[in-house]
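Undergrad: Annotations for this protein, taken from TrEMBL, read as follows:
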DOMAIN    2-297  domain 'Phosphofructokinase'
BINDING   G10  diphosphate binding site
BINDING   E103  Mg(2+) binding site
SITE      D104  site 'Important for catalytic activity and substrate specificity'
SITE      K124  site 'Important for catalytic activity'
BINDING   T125, I126, D127, R162, M169, G170, R171, E221, R265, H271, V272, Q273, R274  substrate binding site
ACT_SITE  D127  active site, proton acceptor
Amino acid sequence: MRIGVLTGGGDCPGLNAVIRAVVRKGVHQYGHSFVGFRDGWRGPLENKTQTLGVPEVRGILPRGGTILGSSRTNPVKVDGGIERIRKNLADLGIDALIAIGGEDTLGVATRLHEDGIAVVGVPKTIDNDLGATDYTFGFDTAVNIAVEAIDRLHTTAESHHRALVVEVMGRHAGWIALHAGMAGGANLILIPEVPFDIGRVCTLIESRFQSHYAPIVVVSEGAVPKEGTMELVSGEKDDFGHVRLGGIGDRVAKEIETRTGAESRAVVLGHVQRGGTPTAFDRWLATRFGLHAIDAIHDKDFGKMVALRGTDIVRVPLDAATRELKLVDPSLYSEAEVFFG
Ligand code: F6P
């Protein structure tokens, strides 16, 4: 078979490990050949391809980013986009596609599958919020980067008797904030699933200062204040209708300073969490996803996505990836509350 591979959406440490596993097993075990599509769905839409064989995947396992490039291009929103993809795939003699991406990329893959295109999905997001899989690769790397930052911020916060607010990624779900906050010994964690009361935040900050320690607050970029406790932030919607609040870390830091009089600073980790070499766990998970994705293609089991369930890799319907987001359960969040203040 001749198989197209693409990576779509925000990049994520571990993407290259998936590509490497797909190509190595596909070539050596099954005798398939590959075509790399550039920049997510823009590749098959605009016929942007690159050579993809065993030599091209040599040495990429520890590399961050994606050798195929990525974009948030959505062909469903392009006039005649799906038909163009169908034609380009036929012209290139592509028998099947492997789409590696998050909610939006896999949403397009689902649509193509419904239109009769042979496609298998691999889930990816540092946010770890895809419902159908226990973990996504990239998440562990992002958490480790955030923890390293928090460890460093503890010492500078203490030296200056400041409150430090660390904003981490997580538009809809607080997984990165919760895991990094617990692992980094944060004194407060704010996540989108549990709207926060800024008055309570400030009380906890004051009690932390009273015990002579400088507080560290970890906040998800998508965290929201309880209505009426703080002026609500008006969010802009991106191309996919996701609300981007922006600047919540800074706003919380400013509120702390105004309300408590304690000096406060915000640190936005942003895309640092998505860059660089993947952790061993992410390389392992991404590699297993790649191996199982090429098996699904070889079995002609299209319209499926690989997923982690416990320690097993299973195949689930592609649309399971977009059906529901996996959010932090408030009871899980409450486990961390014992460390607050
Ligand atoms: O979905 C992954 C994610 O990292 C979000 O946490 C974040 O809001 C977003 O991507 C940022 O994306 P962009 O690359 O468009 O800035």
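Here the Cβ of each residue, glycine as well, is placed from N, Cα and C on the backbone.
Small disclaimer: the values here were computed from a predicted structure and weren't measured.
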Undergrad: Between the Cα atoms of T125 (substrate binding site) and the residue listed as 'diphosphate binding site', what distance do you get, rounded to the nearest Å?
TA: 8
Undergrad: With R265 (substrate binding site) as the reference Cα, tell me which of the recorded positions G10, D104, K124 is the closest one.
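TA: Closest by Cα: G10.
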Undergrad: Taking the Cβ of the residue listed as 'diphosphate binding site' as the centre, count every other Cβ atom within 10 Å, in any protein chain shown.
TA: 19
Undergrad: Mean pLDDT for the domain 'Phosphofructokinase' (2-297), rounded to an integer?
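TA: Over the domain 'Phosphofructokinase' (2-297), the predicted model scores a mean pLDDT of 94.
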Undergrad: Given the recorded positions G10, E103, D104, K124, state which is nearest to V272 (substrate binding site) when distance is taken between Cα atoms.
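TA: Closest by Cα: G10.
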Undergrad: Looking only at M169, V272, which of these binding-site residues has the biggest number of Cβ atoms within 10 Å around its Cβ?
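TA: By the 10 Å Cβ neighbour count, M169 comes out on top.
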Undergrad: Round to a whole number and give the Cα-to-Cα distance in Å for the pair D104 (site 'Important for catalytic activity and substrate specificity') and R274 (substrate binding site).
TA: 18
Undergrad: Specify the nearest of the recorded positions G10, E103, K124 to M169 (substrate binding site), where nearness means the distance between Cα atoms.
TA: G10
Undergrad: Given that the record lists T125, I126, D127, R162, M169, G170, R171, E221, R265, H271, V272, Q273, R274 as binding substrate, what is the largest C-alpha to C-alpha distance among them, in Å?
TA: 33
Undergrad: Sequence gap of 6 or more, C-beta under 8 Å: which same-chain residues meet both conditions with respect to D127 (substrate binding site)?
TA: G102, T136, F139, M169, G170, R171, H172, A173, W175, I176
Undergrad: Excluding near sequence neighbours, so keeping only residues 6 or more apart in the same chain, what lies with its CB under 8 A of E103 (Mg(2+) binding site)?
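TA: Non-local contacts for E103 (Mg(2+) binding site): G9, T125, L130, A321, T322, L325.
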Undergrad: Can you list which of these recorded positions (E103, D104, K124, T125, R265, V272) have a Cβ closer than 6 Å to ligand 1?
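TA: Only T125 meet the Cβ criterion.
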Undergrad: Cα distance, K124 (site 'Important for catalytic activity') to R274 (substrate binding site), nearest Å?
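TA: Cα-Cα distance, R274 (substrate binding site) to K124 (site 'Important for catalytic activity'): 12 Å.
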Undergrad: How far is it from K124 (site 'Important for catalytic activity') to the residue listed as 'diphosphate binding site', counting Cα to Cα, in Å?
TA: 9
